[in-house]
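Novice: Let me begin by handing over the structure; questions about it come next.
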């Protein structure tokens, strides 16, 4: 008897295992958002803790966490650092796994005050949830004597709060600026002034005085960076507006034009004269006087340094990152000061001879500044036009460098010229595709022709108008990485398109996640994206054919053959 019971249990377990093995590949194995990201909160007077218990195999996006107080004032919310996650479409993003605890300080809360918390996450298997919004009721809190601050949740690290290059590049830019025609010839004179006209100083003493001079100059630049970044932080949201980004791009372009010699950009001569007189009153050779000289020198901008400095300051203001602002300007000043330190210690023999090459260095920095408007405009015009702008900039730079290199007489420059010409030819490809319509033609040939719907009523109407044909409904959103993978890799496949030739194709773009989108998702009982639904000729969905998560073209084609009604 016991043996029969054991055999029966084993048979039942085996049946469930095989059912799992041969289960429908499109059936959802994902849990609801509240289970994937279990949210909770706890308030103790001024202290509020928000917690997320994140299920294994799931993660939250740091940049998608938003906190909005209602009838309450809260201190700045500092999100902890996450771990880096990278995908093909969105690049690097910071995410949270396992557990997230976010402390929030309530400075003041009236009766009935609330906190709206918005967050969004995905599964590692390629399934993303719509943004979730939770309302946290707040207990009444009396304001203390400290000044309350408005909420300030960090927005996005990689594209908004960082330069399009490492801050260490500021050091190299500073060194490069030192070799422009307005700066390099002045170094021997500055060296003599710093040393106080004394010719018999020890090497250590000369190096110390020059270092102090550079630190004075760096202090001025660092202070400028901190002030500008702090000002930008107060207007962070406004500085991300498309019109502001376009305005900044125009300013950066004008700054680049000044580096090309179209006009001269510098401080008014009267102000420069006052600053120079203040510097001349300081005593060279003494640490205090040398430090003040350096600090004042940081304010005296020559035509060659004004445009790069203005470009860096404007971009720092746009980023709103104070650490980035101060550090970048400090490295920039240090880069400008390194050649001065070498000249002071080793003499003028280290200086290269002046010549037309210094103007070429200045022009090259004009192209560097032109990269900034392209970087900003990408956020407004999109990736395709952004790629075309990068292409135009690359062609212009490599073309200029190739023409400039033709003046060289050395034999090895022929190799450089070939490399520059090849780089220009590679850079022109996106413009070539645009001009001759290659990209547009490819997109027209490969993309499925979806009919867009928005509401439940529009879906029902489309099912009626299908007139007995099977219907496929694709739920899409810009924030869904796997949805973009479906577009690029699966829906573009000829076999998939052939299998869907007699199917009515509908698509609902729920990127906005507004009331209509949420109503549609709720009506269809959809947890997240990507989700693809199949309806028969009578307008009835076949739940077993539903697809959740990404499928490549081969798997999706097999699914269409086996499961499509």
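Keep in mind that glycine also has a Cβ here, set from the backbone N, Cα and C atoms.
According to Swiss-Prot, the feature disulfide bond maps to 122-128, 182-304, 480-483, an assignment based on sequence analysis. The feature domain 'Thioredoxin' is assigned by Swiss-Prot to 434-565, with sequence analysis given as support. The signal peptide annotation in Swiss-Prot covers 1-19 and is backed by sequence analysis. According to Swiss-Prot, the feature transmembrane segment maps to 163-183, 208-228, 243-263, 289-309, 323-343, 357-377, 384-404.
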Novice: Taking the transmembrane segment (243-263) as reference, which of 208-228, 323-343, 357-377, 384-404 has the most Cβ pairs under 8 angstroms?
Specialist: 357-377
Novice: For the domain 'Thioredoxin' (434-565), what does DSSP give as the number of helix, strand and coil residues?
Specialist: 60 helix, 24 strand, 48 coil
Novice: Whole-number Å only: compute the distance from the Cα of residue 483 (disulfide bond) to the Cα of residue 122 (disulfide bond).
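Specialist: Rounded to a whole number, the Cα-Cα distance is 12 Å.
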Novice: Within a 10 Å radius of its Cβ, which of these disulfide-bonded residues (122, 128, 480, 483) has the fewest neighbouring Cβ atoms?
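Specialist: With the disulfide-bonded residues 122, 128, 480, 483, fewest surrounding Cβ atoms within 10 Å: 128.
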Novice: Counting only residues 6 or more past its boundaries, what in the same chain has a CB within less than 8 Å of a CB in the transmembrane segment (384-404)?
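Specialist: Beyond its ends, the transmembrane segment (384-404) has Cβ neighbours at 360, 363-364, 367, 370-371, 374, 377-378, 417, 420-421, 423-424, 426-431, 434, 439.
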Novice: What does DSSP say about residue 122 (disulfide bond): helix, strand or coil?
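Specialist: Assignment for residue 122 (disulfide bond) reads strand.
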